[in-house]
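To start, the structure itself, in structure tokens.
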Amino acid sequence: MKNKIVAAFLALFAGMFGVHRFYLQRWWQGVMYIALFFITMMISIEEHAPVVMIPVVLGLIDALLFFVMPQEDFDEKYNKKRMQEQRTVRYSEEEEVEEDANTLMERPIKTAKAPQANKSGKKENKKEDFFKRIGIEQFRNLEFENAIDSFLKALEDNLTSPSVHFNLACCYSMIENTERALQSLEKAIENGFSDISKIHSHQALSFLRKQPEFQTFVANGYHLVKQLPEPQPNLLDTSGPALSNATKDVLDEVLHLGDLREKGLISEEEFVAQKRKLLS
């Protein structure tokens, strides 16, 4: 795992040769630093100008950036693969504990027909457990898309499994799909997932927790904000541009008939007959 301080000191003392770039496994950038050093050195010798200071200054700038760069940003940029592996290991350990807890919580209450009900329940959850185990193994191997497919197949057998919905939320977070992650997390909570602390501490959900949508989700009681339906056009609003001239004329005639009826110039039957004629 690459160290931010080591990279900063390499850039400070040997940045002109691109040693810090080789340390960070950015090979082509390191080669470019070496080439730049020799090119500027030749120009400096021939032109008697301090052009060779260019790679030195670039190394100093890199060193300064490494010193002030937050550790999380450095890991995200240069230790991304290792961080994903560590998150996966922690995820798998937490998942094993979660599975044991679910087994204890979901154990059926013994009754006179308990053996038959337990046997039937075990048969019904066989498909769910099978695809759930496959999904966890795929997650450990960083195969997040395949893990999502497996967890979705597990839901076909038990649509209300809170642990499977939670696992899906973790997968969607790892592939940075905020909308799907929040949807799965909401379903997990709706179906009985109650370990709220895990939502705020699980490594696989670290990306999701950084999103503003997650803060809104939490503020709304761990539920998605329902979007209001789009307003329908008011057919009686004659000021809107959506109404055609013919429609406006018909509405004007109906309003005129209403005025005549109010003044007693036409009867109710005549009003209804004329209105039907206009609207037909």
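Positions of Cβ are set from backbone N, Cα and C atoms, glycine also.
Features reported for this protein in TrEMBL:
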DOMAIN    2-43  domain 'TM2'
TRANSMEM  28-45  transmembrane segment
TRANSMEM  52-69  transmembrane segment
Within the predicted model, mean pLDDT of the domain 'TM2' (2-43): 90
Structural state census, the domain 'TM2' (2-43) (DSSP three-state): 36 helix, 0 strand, 6 coil
